[in-house]
Amino acid sequence: MFNIIKNDKNSNARLGILELPHGNVATPCFMPVGTLGVMKALKHDVLEKLGCDLMLANTYHLYLRPGIDVIKKYGNLHNFTTWNKNFLTDSGGFQVFSLSNFRKIEDEGVDFKSHIDGSRHYFTPESVFSMQETFESDIIMALDICSPYGIDYDEASLYTNITTSWARRTLCAYKNRKEGYEGLLFLITQGNFFKDLRKRSTELILELNSPGIAIGGISVGEPRDRYLEILEYNSSLIPKDKPKYVMGIGTPHYILDAIYNGIDIFDCVNPTRIARHGSLLTDNGILRINRAEFCFDTCSVERECSCTLCTRYSRGYLRHLFKSEEALGVMLASEHNIHYMFRLINKTKNAIMNDNFVKFRKLYLDKYDEGNLNE
């Protein structure tokens with residue numbers, strides 16, 4: 001199911017193989033986010049050529065549109081979308097709980113209003129698992145409560161307890177899954193930014209012995225030093241034989257921090273989100289193509305990059321596409337940024353294989369500061 005093939009000698013970084021129903025996934029792995037089963041501005045064949053083996057889709061959004069009955073008619077999410085690689089489906093918990101003025105949390109589940117039309121809906125751990133079972137997701141995420149940064153201890157403790165209770169119920173549903181379904185369940189540790197809650201949550205989740213473990217509730221607006229503190233602490237509590245997933249991180253410096261601490265999987269909308277606004281990831285930092293300085297620039301965005309944009313088009317032409325609001329500009333920039341993330345991961349894998357990851361990370365972080373990487 002998960003095999004570690006190389007441990008870095010100077011950090012907790014490692015190389016692994018995660019065996020999933022639609023093919024093996026080499027870790028560390030950056031997961032592009034295809035919320036509705038599709039990447040914004042990227043066709044499946046482009047993703048496949050880039051080497052994507054695992055895409056994230058979102059249960060909350062798919063539940064609302066097109067609806068579970070539509071996907072069931074096609075047999076599963078893979079058939080509906082024609083994506084023949086792996087899907088990880090988020091439980092939708094983050095989206096539901098971000099609707100703070102439109103939801104009510106109970107021990108049984110959560111009542112919420114649709115962001116589309118205001119209609120009321122109710123999610124339980126069992127119903128969310130059932131939806132993902134219908135999708136035949138390759139990785140299923142349990143329903144959890146992602147509590148915001150800055151809440152008090154009592155509220156964080158309450159949400160952590162509910163998350164643990166929901167994890168037990170999800171595991172029970174998973175053990176009674178339909179015959180032949182081989183997707184892997186990842187349970188989620190919470191605890192906000194209180195170490196004793198993190199420890200309690202992780203210990204209780206580990207007792208349930210799910211195939212994989214996710215660290216939730218970090219990278220939610222906290223300072224980077226707090227992120228690093230909880231990331232390192234929570235990861236250290238999880239046995240090394242478990243695949244580890246940190247949810248919602250996707251900037252290069254956060255990913256390198258995660259890999260350093262033994263994290264195997266991560267996802268974020270950031271690369272394609274900033275691409276849609278004309279910001280491109282390069283080895284020299286973010287290039288903002290809308291700036292006037294690029295109007296007459298005949299160079300490619302990045303010389304060493306082999307994506308469609310960099311092998312064919314100039315910076316000046318890409319700027320023209322964005323200024324003219326041509327869809328091709330967004331498509332090219334999105335492909336470039338995803339390709340960049342995959343290239344970064346491949347460089348990271350080579351560094352781990354050669355026990356050179358610590359040096360590689362330091363050189364990268366010395367070159368890129370946090371402000372330079374955020375839009």
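Using the three backbone atoms N, Cα and C, a Cβ is placed for every residue, glycine included.
Residue ranges 37-41, 212-216, 272-276 are listed, and Swiss-Prot annotates 272-276 among them as region 'RNA binding'. Within His320, His336, the residue that Swiss-Prot lists together with Cys305, Cys307, Cys310 for binding Zn(2+) is His336.
Annotated by Swiss-Prot as region 'RNA binding', the relevant range among 73-79, 80-86, 248-254 is 248-254. When Cβ atoms from all protein chains are considered, those within 10 Å of Ser91 (substrate binding site) total 27, not counting its own.
Cys310 (Zn(2+) binding site) falls within a helix when secondary structure is assigned with DSSP.
Same-chain neighbours of the Zn(2+) site beyond Cys305, Cys307, Cys310, His336, judged by a C-beta within 8 angstroms of the site's C-beta center, are, in sequence order, Ser300, Val301, Glu302, Ser306, Thr308, Leu309, Thr311, Glu335, His339, Tyr340. Every protein chain considered, the tally of other Cβ atoms within 10 Å of the Cβ of Cys307 (Zn(2+) binding site) stands at 25.
Of all the binding-site residues listed (Cys305, Cys310), Cys310 sits in the most crowded Cβ setting, with the most other Cβ atoms within 10 Å. Whole-number maximum of the Cα to Cα distances across the substrate-binding residues Asp90, Ser91, Gly92, Gly93, Phe94, Asp144, Gln190, Gly217: 15 angstrom.
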